[in-house]
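Trainee: The N-acetylproline annotation in Swiss-Prot covers P3 and rests on sequence analysis. Feature annotation from Swiss-Prot assigns N6,N6,N6-trimethyllysine to K14. What Swiss-Prot lists as substrate binding site is N123, T173, K177, X295, H327, S379, and the listing cites sequence analysis. Residues annotated as active site, proton acceptor in Swiss-Prot, with sequence analysis given as evidence: K175, H294. According to Swiss-Prot, the Mg(2+) binding site annotation covers K201, D203, E204, on the basis of sequence analysis. Residues annotated as N6-carboxylysine in Swiss-Prot: K201. As annotated by Swiss-Prot, site 'Transition state stabilizer' applies to K334, with the evidence given as sequence analysis.
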Amino acid sequence: MSPQTETKASVGFKAGVKDYKLTYYTPDYETKDTDILAAFRVTPQPGVPPEEAGAAVAAESSTGTWTTVWTDGLTSLDRYKGRCYGLEPVAGEENQYIAYVAYPLDLFEEGSVTNMFTSIVGNVFGFKALRALRLEDLRIPPAYSKTFQGPPHGIQVERDKLNKYGRPLLGCTIKPKLGLSAKNYGRAVYECLRGGLDFTKDDENVNSQPFMRWRDRFLFCAEALYKAVAETGEIKGHYLNATAGTCEEMIKRAVFARELGVPIVMHDYLTGGFTANTSLAHYCRDNGLLLHIHXXXXXXXXXXKNHGMHFRVLAKALRMSGGDHVHAGTVVGKLEGERDITLGFVDLLRDDFIEKDRSRGIYFTQDWVSLPGVLPVASGGIHVWHMPALTEIFGDDSVLQFGGGTLGHPWGNAPGAVANRVAVEACVQARNEGRDLAREGNXIIREAS
């Protein structure tokens with residue numbers, strides 16, 4: 001019997017509310033290699049001690065409930081409880097702490113991102129002892145990450161499939177995102193790919209609306225794709241959005257895409273759901289499709305500074321659930337991103353091993369062992385003059401996506417695509433020759449044009 005069950009049996013069962021910190025705050029706990037570790041930014045209500053707030057998070061996201069229940073005596077809580085093992089005040093913030101919580105591996109179902117999130121962030125966010133709570137980072141132990149398939153193909157396999165090396169890949173979201181007929185939509189796809197882009201993309205809201213049903217769009221885009229491939233001699237792709245109202249319909253669209261022979265499909269991973277995403281990722285690996293992930297609705301969870309969860313947590317979850325590309329902010333352009341922090345989670349997506357580095361927002365050393373990498377996608381308000389900065393920041397293993405930055409070209413879509421391709425090749429060449437992109441960027445672009 002564990003010490004806990006013993007005391008309970010001998011003293012008799014006492015109901016009533018008790019402080020979480022008596023059971024769940026364990027500052028001398030040594031974390032195990034198999035524990036899932038979480039860093040929460042906790043803002044306790046006035047009068048609630050930080051230890052109690054941290055312990056409350058550990059309790060409510062693992063075995064605890066608001067009172068002592070007699071069924072606690074039927075299990076070994078010491079084996080299954082989450083533990084708040086560290087607290088540190090956040091510099092420059094009043095009454096804000098980083099609480100470190102360790103969860104035993106047995107609390108989680110293998111291969112289920114859905115269950116991991118339900119457990120860790122399922123019901124702690126409405127907790128009344130806390131004014132605000134934000135999940136900043138997770139450490140996923142290899143013992144858990146090995147139960148996931150991960151990205152369908154990963155960076156290296158994708159480059160081999162596309163036969164494109166040594167430069168960032170170029171994409172473009174087809175605009176206007178809603179209202180074009182399938183035929184005109186296909187025409188825009190053809191012009192962009194013909195001009196020199198590697199990919200074009202369905203906007204995340206394009207599913208199957210009255211003005212353009214999914215099957216028509218898939219057909220016309222495939223036609224555009226093959227025409228552009230035949231004329232340029234390069235392998236190209238269009239992210240066909242398979243997101244749908246049911247998982248069955250989503251898989252049906254992915255199957256149709258595979259039958260057309262296209263290389264890549266797309267999914268909105270937050271609105272579609274983790275479960276649907278993992279199913280689609282498995283289908284994609286089994287059938288040789290690349291999978292582009294759009295994180296629509298990310299800002300709902302990730303935008304507030306002290307509540308919700310940081311994007312790097314969603315990025316880690318996505319690498320486990322599966323996706324070959326994921327949108328990751330830009331550092332420049334219209335969507336926000338601080339440079340070091342963005343680079344932090346870009347590395348989490350691409351690299352096998354990432355050292356703890358608080359200046360980049362990385363709270364734990366993360367070892368992905370052999371899980372394939374994900375290509376970060378920079379998109380949102382970027383255009384050709386951002387190219388030197390983007391090449392420097394994101395490096396070769398990335399997809400740079402210009403929507404309005406291609407289609408907004410005064411001469412039309414194809415010249416816009418040409419401009420982007422010329423710019424990226426000029427930047428890569430200049431970088432390889434040892435020139436300073438940050439300083440000479442504009443000059444490099446001018447020379448190229």
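Glycine too: its Cβ is placed from the backbone N, Cα and C atoms.
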Trainee: Give me the long-range Cβ neighbours of H294 (active site, proton acceptor): same chain, 6+ apart, Cβ under 8 Å, in sequence order.
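Mentor: Those within reach of H294 (active site, proton acceptor), by Cβ under 8 Å and sequence separation of 6 or more, are E204, N241, M266, H267, D268, Y269, H327.
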Trainee: For the binding-site residues N123, T173, S379, which one has the sparsest Cβ surroundings, going by other Cβ atoms within 10 Å?
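Mentor: Counting other Cβ atoms within 10 Å of each of the binding-site residues N123, T173, S379 gives the minimum at N123.
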Trainee: How many other Cβ atoms sit within 10 Å of the Cβ of K175 (active site, proton acceptor)?
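Mentor: Total other Cβ atoms inside 10 Å, all chains included: 16.
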Trainee: Tell me, if you would, which residue among D203, E204 (binding-site residues) has the fewest other CB atoms within 10 Å in the structure shown?
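Mentor: Relative to the other binding-site residues in D203, E204, D203 has the fewest Cβ atoms within 10 Å.
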Trainee: Rank the binding-site residues K177, K201, H327 by the number of other Cβ atoms within 10 Å of each Cβ and report the first-ranked residue.
Mentor: K201
Trainee: What is the interatomic distance between the Cα atoms of N123 (substrate binding site) and K201 (Mg(2+) binding site), given in whole Å?
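Mentor: Distance between the two Cα atoms comes out at 36 Å.
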Trainee: If you measure C-alpha to C-alpha, which of T173, X295, S379 (binding-site residues) come within 10 angstroms of D203 (Mg(2+) binding site)?
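Mentor: So the list reads T173.
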Trainee: Rounded to a whole number, what is the top Cα to Cα distance in Å among the residues the record ties to substrate, namely N123, T173, K177, X295, H327, S379?
Mentor: 36
Trainee: Work out the three-state DSSP category of T173 (substrate binding site).
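Mentor: SS state of T173 (substrate binding site) = strand.
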Trainee: Give the distance between the Cα atoms of S379 (substrate binding site) and K175 (active site, proton acceptor), rounded to the nearest whole Å.
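Mentor: So the Cα of K175 (active site, proton acceptor) lies 13 Å away from that of S379 (substrate binding site).
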Trainee: Starting from the Cβ of X295 (substrate binding site), draw a 10 Å sphere and report how many other Cβ atoms land inside it.
Mentor: 23
Trainee: Please report how many Å separate the Cα atom of T173 (substrate binding site) from that of K201 (Mg(2+) binding site), as a whole number.
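Mentor: Here the two Cα atoms lie 5 Å apart.
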Trainee: What's the CA-CA gap between K201 (Mg(2+) binding site) and K175 (active site, proton acceptor) in angstrom, rounded?
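Mentor: K175 (active site, proton acceptor) has its Cα 9 Å from the Cα of K201 (Mg(2+) binding site).
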Trainee: Hey, for the Mg(2+) site built from K201, D203, E204, who else sits with CB inside 8 A of the CB center?
Mentor: T173, I174, K177, D202, N205, V206, Y239, N241, M266, H294
